[in-house]
Amino acid sequence: QQHSQQQQQQQQQADLFKEEPHEQQQGLQCQQQQQHSEQKERAKQRDREEFLRQKREDMARKRSIERRQRKEQEERLRQQQQQQQNGPQPSQPPQRHDGFVLPSGLATATSLPTQHSTDGSALPAAQQQQQQQQEQEQEQQQEQANIKARKARQRKTAEEREIEQTNKRFSQEVRSAMKQVIATLQKDKEVAGDFCEPVWQLFPDVSKEEYVSIVKEPMDLKTLGKMVNDGVFEHSQPGYEDFKRKLLLISSNCAAYNQDDEEYCNKADAFKRLAERLCEQKYTEVVQTVFDSGLKL
């Protein structure tokens, strides 16, 4: 019985050792999933906080405008009430310090300057009210202009991001198109077999000094591929046109050096036709790829 118990304990320990790696792997997967969900939740929380912050700012701005409007309205009401209280009062005969009452005609004459001063004080109040209204309209116009400017900046930022993304994708596709054109030509040994390397390396009987004296700008597929890898050409439409010009130099150089050799002139024409067709085809594919990705050129 003791021996069987020991065997059972050893078997249980072995089963535990076997289950530990699987449990550890499951634990790591659960931990990674939890970290990913926490990152998504933090991103959502940041977006939510940013939205709430903007909303609080808008609400605070609206409350400030409403508070200012209420104050201005209360001020106007107070001025109107004050004007009504200080309006023309029924004229009373003014009395002198000795108790003598002036006649009614003299009382009316003496009351005229008081009424004139009252009318004079009402004019600045109306102007002040008009000025406050103008200032309020200017503030509202300024607030609307600020909102429009903020929206315009947001649209501009989105457009700049889209342009940057388009330029990056277009640059990658142009570079890939250049490499594909060179690779396709190098595989076609019948048409481009004599143009894969410099002439003086393929044909030992041609000296470099003699060739350079006739051809001012030598070019071959190997040299052109090195220029593409070194970033000599811009990854844009002008850069692609420059690449195409360098590529067609191969055929024009061949025709210039072998003017009296009809065989190599025919090879130069065949290479030129193939190179132009490949360049046009690859550039069309680049534009179509960028367009299919949803970006605007």
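Heads up, the Cβ atoms here are built off N, Cα and C, so glycines get one too.
Copied over from TrEMBL, here are the features:
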| type | residues | note |
| --- | --- | --- |
| COMPBIAS | 1-13 | compositional bias 'Low complexity' |
| REGION | 1-169 | region 'Disordered' |
| COMPBIAS | 24-36 | compositional bias 'Low complexity' |
| COMPBIAS | 37-78 | compositional bias 'Basic and acidic residues' |
| COMPBIAS | 79-89 | compositional bias 'Low complexity' |
| COMPBIAS | 107-120 | compositional bias 'Polar residues' |
| COMPBIAS | 127-144 | compositional bias 'Low complexity' |
| COMPBIAS | 156-169 | compositional bias 'Basic and acidic residues' |
| DOMAIN | 187-265 | domain 'Bromo' |
Checking distant contacts: for the compositional bias 'Basic and acidic residues' (37-78), what same-chain residues at least six beyond its ends satisfy Cβ-Cβ under 8 A? 129, 132, 136, 139-140, 143
Mind checking which residues of the chain, 6+ beyond the ends of the compositional bias 'Low complexity' (1-13), have their Cβ under 8 Å from one of its Cβ atoms? none
Average model confidence [pLDDT] within the domain 'Bromo' (187-265): 88
Mind checking how the compositional bias 'Low complexity' (1-13) divides into helix, strand and coil residues in DSSP? 12 helix, 0 strand, 1 coil
Across the compositional bias 'Basic and acidic residues' (156-169), DSSP labelling yields 14 helix, 0 strand, 0 coil
